[in-house]
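Colleague: Starting off with a structure, shown below.
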Amino acid sequence: MSRFVQDLSKAMSQDGASQFQEVILQELELSVKKELEKILTTAASHEFEHTKKDLDGFRKLFHRFLQEKGPSVDWGKIQRPPEDSIQPYEKIKARGLPDNISSVLNKLVVVKLNGGLGTSMGCKGPKSLIGVRNENTFLDLTVQQIEHLNKTYNTDVPLVLMNSFNTDEDTKKILQKYNHCRVKIYTFNQSRYPRINKESLLPIAKDVSYSGENTEAWYPPGHGDIYASFYNSGLLDTFIEEGKEYIFVSNIDNLGATVDLYILNHLMNPPNGKRCEFVMEVTNKTRADVKGGTLTQYEGKLRLVEIAQVPKAHVDEFKSVSKFKIFNTNNLWISLGAVKRLQEQNAIDMEIIVNPKTLDGGLNVIQLETAVGAAIKSFENSLGINVPRSRFLPVKTTSDLLLVMSNLYSLNAGSLTMSEKREFPTVPLVKLGSSFTKVQDYLRRFESIPDMLELDHLTVSGDVTFGKNVSLKGTVIIIANHGDRIDIPPGAVLENKIVSGNLRILDH
């Protein structure tokens, strides 16, 4: 929170100050409105309407930001969800599949969140275009999955990509390679909002461009923006007119987020005859997931609570694996009709995430964002489904990439499944050091991906390279201290080993 708002909060505690505070907030809103109007005048005629919608959306979000004070949840009101509000996946699966699978599939639209760049893994351009398996990218695998469904069941499930202004151009260039595939692909852009100065709370952008000194002035406001952007794009109405009823939304970097026919059947043919408007897939927490958002019961409705909303005194309790056993995978099944109704009623309520950033020049700014899952409380008859961990396979780092490239997984029609040769269903814990952060460096350090079928835990730190056909089993820790280098020789088998010091293998 900025110093400006902190000062206002102090003023709240003084008698008669709330009226003064109200005036200050109104002045600030007026200043922001004027700045946004100035920015809008710089828009070319072909981008005027689109820019106006974006800036109007930002103004509403900014207004809400000024109204909110303190943590957005009252900890005393948080309860565990009732038993029937989170169903085990096994129960959903036990209902089986309908005789006519194509009839339910034809009601579905697959939406992938494709706004992110590959910068955290040292790549330029959209993250979805990074190669993850046999030179297939995230996007390739997604298209293969949906094409397989359409061919197998003779259906017409479309793929929709929610791009950001950061990923749109590069993604569209690549889409032509799928022209021959049996998948209709649509795109729409999430909004482009102005970053605001942390102290003055005014937009730092001077015009609508996002090049030159304005490059850092704009941001995509989180995936909660999907509801407004999807509606504004016209695609929502198009799909409703075509008879589609549900969207399956997931992050494009979650390789476990495939279309699940059992969940879809449960949505289309509910046992009690009452359709769910919103289903969130959750899975059991491990100690690695303590920061993930969790589903709770709050004021009589299911509500997603994120760590940022929790009062400081209760953060440890929130992280507890025993009290809050599940977390949100961000695999969501949402009724198209409900999105349209709520969007038109302006009734989708999502908590604001205040994301502070420091720009390259040292300026401190704030991004106001929302998360797609936070809207669960706005929908009727919402449900959580506790799914197997295999439906949550995100690739955020090269450590994750090593797992999905390895023989732990088999690839079939774009879907990754745990190898049958792995004796236990858990995934090894892999921690690669900073020398492996960038994909380019990571690939250079592995002549081939090691055999990891019997691996439990791998930690690698420092200047380490792996020869061909290395096998890793049990717990393996490899640490090259500063100035040292370790080359793991081709064909080496490391089982429950700690390797440190210096090990050079030189060609002769």
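Yeah, the Cβs are placed from backbone N, Cα and C, and that goes for glycine too.
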Colleague: Annotation phosphoserine in Swiss-Prot: match it to one of Ser250, Ser399, Ser448, please.
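Modeller: Annotated as phosphoserine in Swiss-Prot: Ser448.
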Colleague: Same UTP site as Leu113, Asn114, Gly115, Gly116, Gln190, Gly222, Asp253, Lys396 according to Swiss-Prot: which of Lys127, Lys177, Lys206, Lys244?
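Modeller: Between Lys127, Lys177, Lys206, Lys244, Swiss-Prot records just one in the UTP site with Leu113, Asn114, Gly115, Gly116, Gln190, Gly222, Asp253, Lys396, namely Lys127.
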Colleague: Which stretch, out of 41-92, 457-508, is listed as region 'Oligomerization' by Swiss-Prot?
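Modeller: The range carrying the region 'Oligomerization' annotation in Swiss-Prot is 457-508.
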Colleague: Among His223, His266, which residue shares the substrate site with Gly115, Gly116, Asn251, Ile252, Asp253 according to Swiss-Prot?
Modeller: His223
Colleague: Could you tally the C-beta atoms, other than its own, that fall within 10 angstroms of the C-beta of Ser434 (phosphoserine)?
Modeller: 9
Colleague: Got a sec? Which of these binding-site residues, Gly115, Gly116, Gly222, has the most Cβ atoms within 10 Å?
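Modeller: Counting Cβ neighbours within 10 Å, the top one is Gly115.
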Colleague: Let's see if you can do this one: DSSP helix, strand and coil counts over the region 'Oligomerization' (457-508), in that order.
Modeller: 0 helix, 29 strand, 23 coil
Colleague: For Lys127 (UTP binding site), list the number of other Cβ atoms lying within 10 Å of its Cβ atom.
Modeller: 24
Colleague: Where does His223 (substrate binding site) sit in DSSP terms: helix, strand, or coil?
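Modeller: Reduced to three states, the DSSP call for His223 (substrate binding site) is helix.
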Colleague: How long is the line from the C-alpha of Lys438 (N6-acetyllysine) to the C-alpha of Lys396 (active site), rounded to the nearest angstrom?
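Modeller: For Lys438 (N6-acetyllysine) versus Lys396 (active site), the Cα atoms are 12 Å apart.
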Colleague: Suppose we draw a 10 Å sphere around the Cβ of Ser461 (phosphoserine). How many other Cβ atoms does it contain, all chains included?
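Modeller: Taking every protein chain into account, the count is 18.
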Colleague: How big is the substrate site in terms of the longest C-alpha to C-alpha distance among Gly115, Gly116, His223, Asn251, Ile252, Asp253, in angstrom?
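Modeller: Among the residues the record ties to substrate, max Cα distance equals 14 Å.
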